[in-house]
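Novice: Below you will find the structure I want to go over with you.
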Amino acid sequence: MLNPQTRRVRLFARGSWAETRRIAGILRDETISGGLLLAATVLALGWANSPWSGTYDSLLATDFGPAALHLDLSVQQWAADGLLAIFFFVAGLELKREFVAGDLRDPSRAVVPVAAAAGGVAVPAVLYSLLNLHSGALRGWAIPTATDIAFALSVLAVVGRCLPTALRTFLLTLAVVDDLLAIVIIAVAYTGELSVVPLVAAVVPLAAFTLLVQRRVRAWWLLLPLAVLTWALVHASGVHATVAGVLLAFAVPVLRSEGAGGPQAGPGLAEHFEHRWRPLSAAVAVPVFAFCSAGVTVGGLGGLGDALSDRAALGVVVGLVVGKAIGIFTTTWLVARFTGASLERGLAWVDVAGLALLGGVGFTVSLLIGELAFGPGSARDDHVKVGVLTASVTAALLATVVLRLRNRAYARIHELETADDDHEDGPDA
């Protein structure tokens, strides 16, 4: 008889009921965001390819903001530098909470999505680089490294309604880790001229913000100015301003201190802030950025062919569709192979393949990195946008085919996960 301590770890095992309910709420918000993102993308593409495309370009180029603070930015810059800072703030809160108080505080559960995210970043970057060694577009190597969680979950909402919660959680965590890795890449690889003085000065409001939230201060009139000042100084330093969103998120405590009653007294400020800011991120920040970045003049089938003949666009398509699938699937398999773990009962490796394909739905962060690599509005950036859109649609269709084949098995698992024959609070399983 096996010692309980030596029982094999199961990949994608069900988490706690409380964590399952929390994740379900997040997934609902992200699915709504995905619908808005798709609508914004269609609107932008339609406008950019209409006889009134000039008005779209004029709108994006409109400057506003305090010039004295060097913040007289265009609408497109505000969307990329300002609104996406909110998106990364929420992503940072979610990631910190998962690893401090969620099911992923258990290293045996955290290793799979973290390793899969790393593989899903490394392999696309390598494939893109190999295709662009001599094309002059090597600077865009990071474009196919990101997964768009809102877009991916909107696909799941249509084709995988009964997908086991553990698989949804895996995809969510993978995408969040993916986004945080992208922020590190942006900070390191896409920072131009670095101004040390504003960067050092940003430490002051960041430290004040940290001190206040650690003391459980919620007053927006204190915290918001400090957050905005931190963002403005990071922006002035030359580091991409979205980095400020992650730094602020990591400063927020997840658990209550002992002086505030300890973890048993209720959630910390991270969950409070997440509830406040996630709707703004999901319903405003991501869709508006998509509207500002996805509007590219395609020019019919001929224009589509010309765009995809650019090695940069081709590298993006191969990186997202092929590289993501190989990186996520292979890394997950290797973790299972070298740890002796096995899949949860009822699941098969084809399920992991479906999620790996869905990881190739890259949009928001891929478009952002494309703009940073080649400059917004440049011909190559437009080609990259076409590549991102083509790859995302292709990956979504391939994932749909794979996941549809398993819907009957998912329905059986869903029935077991949600059965409540004893009519108590929560399923029997």
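Just so it is clear, glycine is given a Cβ too, placed from its N, Cα and C backbone atoms.
Got these off Swiss-Prot a minute ago, pasting:
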TRANSMEM  32-52  transmembrane segment
TRANSMEM  73-93  transmembrane segment
TRANSMEM  111-131  transmembrane segment
TRANSMEM  140-160  transmembrane segment
TRANSMEM  170-190  transmembrane segment
TRANSMEM  193-213  transmembrane segment
TRANSMEM  219-239  transmembrane segment
TRANSMEM  243-263  transmembrane segment
TRANSMEM  284-304  transmembrane segment
TRANSMEM  316-336  transmembrane segment
TRANSMEM  349-369  transmembrane segment
TRANSMEM  383-403  transmembrane segment
Novice: Residues sitting near the transmembrane segment (284-304): Cβ under 8 Å, six or more positions beyond its termini, same chain?
Specialist: 33, 36-37, 39-41, 43-45, 47-49, 53, 56, 60, 75-76, 79-80, 83-84, 86-87, 150, 363-364, 367-368, 371, 376, 382, 385-386, 389-390
Novice: Mark yes when the transmembrane segment (111-131) and the transmembrane segment (32-52) have three or more Cβ pairs under 8 Å (sequence separation 6 or more) and no when they do not.
Specialist: no
Novice: Does the structure show the transmembrane segment (73-93) and the transmembrane segment (316-336) touching, where I'm treating 3 or more Cβ pairs under 8 angstroms (sequence separation 6 or more) as a contact?
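Specialist: Counting Cβ pairs under 8 Å (6 or more apart in sequence), the transmembrane segment (73-93) does not reach the transmembrane segment (316-336), since there are fewer than 3.
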Novice: For the transmembrane segment (219-239), could you work out the same-chain residues 6 or more beyond its ends whose Cβ comes under 8 Å from its Cβ atoms?
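Specialist: Hits for the transmembrane segment (219-239): 69-71, 81-82, 85, 187, 191-199, 201-202, 205-206, 208-209, 212-213, 245, 247-248.
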Novice: Would you kindly list the residues that approach the transmembrane segment (316-336) from elsewhere in its chain, counting only those six or more residues past its ends and only Cβ-Cβ distances under 8 Å?
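Specialist: For the transmembrane segment (316-336), the list is 11, 111-112, 115-128, 131, 140, 143-145, 147, 174, 308, 342-343, 349, 352-353, 355-357, 359-362, 366, 370, 384, 387-388, 390-392, 394-395, 398.
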Novice: Can the transmembrane segment (383-403) be said to touch the transmembrane segment (140-160) if we require at least 3 CB pairs below 8 Å and skip pairs under 6 apart in sequence?
Specialist: yes
Novice: Cβ under 8 Å to the transmembrane segment (349-369), counting only same-chain residues 6 or more beyond its ends: which ones?
Specialist: 12, 37, 41, 80, 84, 87, 116, 120, 140, 142-148, 150-152, 155-156, 160, 167, 170-171, 174-175, 178-179, 182, 185-186, 190, 242, 286, 289-290, 293-294, 316, 320-321, 323-329, 332-333, 343, 385, 388, 391-392, 394-396, 398-399, 402-403, 405-406
